[in-house]
Amino acid sequence: MSVLISPALLNGSSAPATETEEDEESLTHPLLNSLSRSASNNTSQVAIVGSSVSPIESLDYEIMENDYFKQDWRRGEKIQILQYVSMKWMMCFFIGLLVGLVGFCNNLAVENIAGMKFVVTSDLMRARRYTTAFLVFASSNFGLTLFAGLITAFIAPEAAGSGIPEVKAYLNGVDAPAIFSLRTLFVKIVGSISAVSGSLVIGKAGPMVHTGACIAALMGQGGSQKYGFTWKWLKYFKNDRDRRDLVTCGSAAGMAAAFRAPVGGLLFALEEMASWWRSALLWRAFFTTAVVAIVLRALIDVCLSGKCGLFGKGGLIMFDVTSANVAYQIWDVPPVLLLAVIGGIWASLYNFLQDRVLRIYNRINERRAAYKIVLALTVSIFTSCLLFGLPWLAPCRPCPSDTSEPCPTIGRNGNYKKFQCPPGHYNDLASLFFNTNDDAIKNLFSKNTDAEFHPFSMLIFFITCFFLSIFSYGIVAPAGLFVPVIVTGAAYGRFIGMMFGSHSTLNHGLFAVLGSASFLGGSMRMTVSLCVIILELTNDLLLLPLMMLVLLISKTVADAFNGNIYDLIMRAKGFPYLECHAEPYLRQLAVSDVVTGPLRLFNGIEKVGNIVHVLKTTGHNGFPVVDEPPHSAAPVLFGLVLRAHLVTLLKKKAFLQNPVPAGDDAFEQFSADDFAKKGLDHGDRVEDIQLTDEEMDMFIDLHPFCNTSPFTVVETMSLAKALMLFREVGLRHLLVIPKVSGRIPVVGIITRHDFMPEHVLSLHPSLAKSKWKRLRVKLPRGVKII
């Protein structure tokens with residue numbers, strides 16, 4: 001029969017035993033308290049995924065080495081092993097090919113849709129039909145945002161936002177339903193095109209990372225099970241470990257496609273996304289991003305011949321923003337240092353405000369879909385009014401005589417927008433606002449344009465982008481943060497360059513590049529990957545020393561105030577993310593201090609009725625299996641059996657009339673697909689299995705289906721050391737065994753939620769005062785923002 005034991009009674013711990021305990025828990029989000037599944041701690045099983053509250057579960061990167069697994073691989077021939085390895089490389093090739101095509105089509109669609117809108121608006125402005133021009137501009141943005149909001153709210157709420165926090169949490173071991181589904185992929189692509197074309201201050205880099213991860217995950221599971229598009233020959237990849245590797249390659253490909261930066265995309269996945277890395281994965285990710293670069297290069301050549309409509313040579317991934325030789329002197333370093341320090345402060349303020357606004361938006365997004373759409377449309381109307389109204393504040397400037405392009409610009413893109421100005425003049429602020437974000441960055445980064453923009457116009461553009469990007473992220477639409485941070489930082493850097501003027505030999509375009517680096521380093525807190533991405537964008541290796549200096553300083557300054565923007569978003573959404581470091585107070589605790597119960601055990605040969613009862617009354621995902629006399633001389637831990645495998649055994653009715661070990665024919669009624677990993681909410685449920693009273697009195701031999709070598713730790717091990725083991729190996733369950741023999745062979749199970757600060761401090765509140773906190777610069781108590 002199954003055994004129920006309270007670990008607190010076994011080890012003398014002061015940790016209270018509880019009625020039930022879920023092993024797939026997350027950090028408590030302040031907005032999700034009402035959805036908490038546990039009364040014993042402050043954790044819950046839900047998080048905000050995209051724009052909706054959804055259940056989450058932990059992933060298990062440990063291979064279940066049971067007898068069936070071993071026998072299946074013993075039967076495998078060398079040709080099957082070769083097929084397994086070659087299919088991994090083939091999958092990376094197709095991931096790179098598809099992500100490259102999607103990235104190009106995204107840019108092509110945005111440039112043409114937004115370009116048509118700007119052309120019509122500019123024609124009306126030249127005809128001095130200002131009211132009609134505003135109505136066309138605002139209504140176009142309204143319609144595009146409405147379309148993006150509708151498909152996101154009603155088809156795939158998981159597609160809202162950047163997607164990088166969700167993918168990063170997945171690679172850390174947290175799964176959520178539908179984040180990689182086919183409908184999420186569709187809405188992510190179409191919604192991103194529509195929202196970016198609607199002149200919202202958002203980017204498409206984050207959605208491209210999520211898109212690449214979706215493509216990789218769908219290919220890794222053989223297609224979409226819901227819509228019947230599956231391939232059985234991909235059965236080897238139906239486990240968490242292989243899917244994780246493919247999703248890592250997909251995220252690297254997405255970033256590479258967003259900025260045409262293959263090495264930068266690879267380093268982005270290594271530095272920011274992945275929680276687990278190895279050399280074989282590095283090679284495959286590099287191969288994937290290389291395929292992306294080749295696909296983009298081939299498609300660029302097609303567009304250079306003028307076959308892409310209004311696309312032309314525009315698009316952030318399609319041009320070299322500056323390729324001039326850079327010459328700088330030692331006296332140029334102090335202005336760059338000042339730019340980096342102030343940029344880090346501004347970026348930390350950006351993160352702070354973004355976190356506060358996102359928490360407010362989360363309260364709205366928890367309501368009905370109508371509230372989400374109204375919020376998105378309100379932001380769209382407000383953005384249209386600012387983009388159309390603020391250029392009227394800028395003075396008209398005479399066209400330069402030495403320009404290489406027409407002035408004023410006729411058509412969509414260009415540095416010289418006429419707007420309301422007389423012939424021979426241009427509006428510098430309209431040249432930034434009446435362009436896509438990609439073309440605005442191109443204008444700001446461009447060389448030999450020091451006299452093109454007025455400082456007042458640049459200050460207005462910086463402040464507007466700073467706040468619009470904060471309020472635009474979090475609405476019910478796919479929206480990224482990378483491009484808004486780049487354009488905001490470029491405006492800041494160019495303004496700093498104007499302030500120094502003749503005191504520096506650097507041109508304003510280079511100051512804009514360094515300003516973008518300072519904002520990216522201060523907001524994203526990455527260094528190596530951002531440095532390479534910007535260098536691949538600018539095609540200027542001579543900027544490397546200054547770029548490294550700016551990124552290091554801005555990151556260091558911003559670290560004194562708050563955390564990485566993506567970590568703040570994950571915390572606001574409620575994802576139970578395990579950091580790569582352990583809080584020092586965890587070293588004061590042993591693993592037995594956080595084990596809660598009661599613990600559910602199974603015998604090696606267990607009664608069917610007992611298994612059904614435990615599965616129906618608990619939410620545990622794994623159960624220790626213990627052998628007792630007469631099957632062993634003394635109680636001994638045999639292994640760990642998963643809930644999904646128990647449900648499969650019940651469904652297949654692999655029952656025995658008597659409690660005796662099963663024979664060698666126990667595997668004949670099973671196939672590898674029966675034990676393959678299924679997506680969340682796609683597996684069988686014990687409630688759906690119909691069993692007779694006679695069957696409930698039968699037995700199941702669990703020995704062949706147990707993982708006989710689960711990871712275990714002694715109950716006296718420090719919690720900090722256990723956390724490192726748990727995270728580095730990618731575990732879902734960590735068995736705790738007693739230090740002294742003669743007791744029951746297993747004390748409890750450590751899962752992800754047991755390492756969460758909320759859970760640990762709820763059990764040991766006295767440690768809250770000694771909780772380690774990073775050195776932060778805090779405002780006076782009387783000064784509060786929001």
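Each Cβ is built from the backbone N, Cα and C atoms, and glycine gets one as well.
Owing to the predicted nature of the structure, the values given are computational and were not obtained by experimental measurement.
The domain 'CBS' feature in TrEMBL is assigned to 706-766. As annotated by TrEMBL, transmembrane segment applies to 87-109, 130-156, 176-202, 246-269, 281-299, 311-330, 336-353, 373-394, 456-489, 510-535, 541-561.
Residues 466, 470, 485, 488-489, 492-493, 496, 506, 511, 514-515, 517-523, 546, 549-551, 553-558, 560-565, 568, 785-786 of the same chain lie 6+ residues outside the transmembrane segment (336-353) yet bring a C-beta within less than 8 angstroms of a C-beta in it. In this model, the domain 'CBS' (706-766) carries an average pLDDT of 88.
Same-chain residues lying 6+ beyond the ends of the transmembrane segment (541-561) with a Cβ under 8 Å from its Cβ atoms: 325-326, 328, 333, 336-337, 339-341, 343-345, 347-349, 351-352, 510, 513-514, 517-523, 525-527, 530-531, 534-535, 774-777. Contact between the transmembrane segment (246-269) and the transmembrane segment (130-156) is not supported: fewer than 3 Cβ pairs lie under 8 Å, counting only residues 6 or more apart in sequence.
In terms of DSSP secondary structure, the domain 'CBS' (706-766) contains 24 helix, 12 strand, 25 coil. Within its own chain, the transmembrane segment (87-109) is flanked in space by residues 189, 192-193, 197, 204, 208, 211-212, 215-216, 219-220, 233-234, 236-237, 242, 245-246, 249-250, 253-254, 256-258, 284-285, 287-296, 299, 303, 308-309, 311, 315-318, 438, which lie at least six positions past its ends and keep a Cβ under 8 Å from the stretch.
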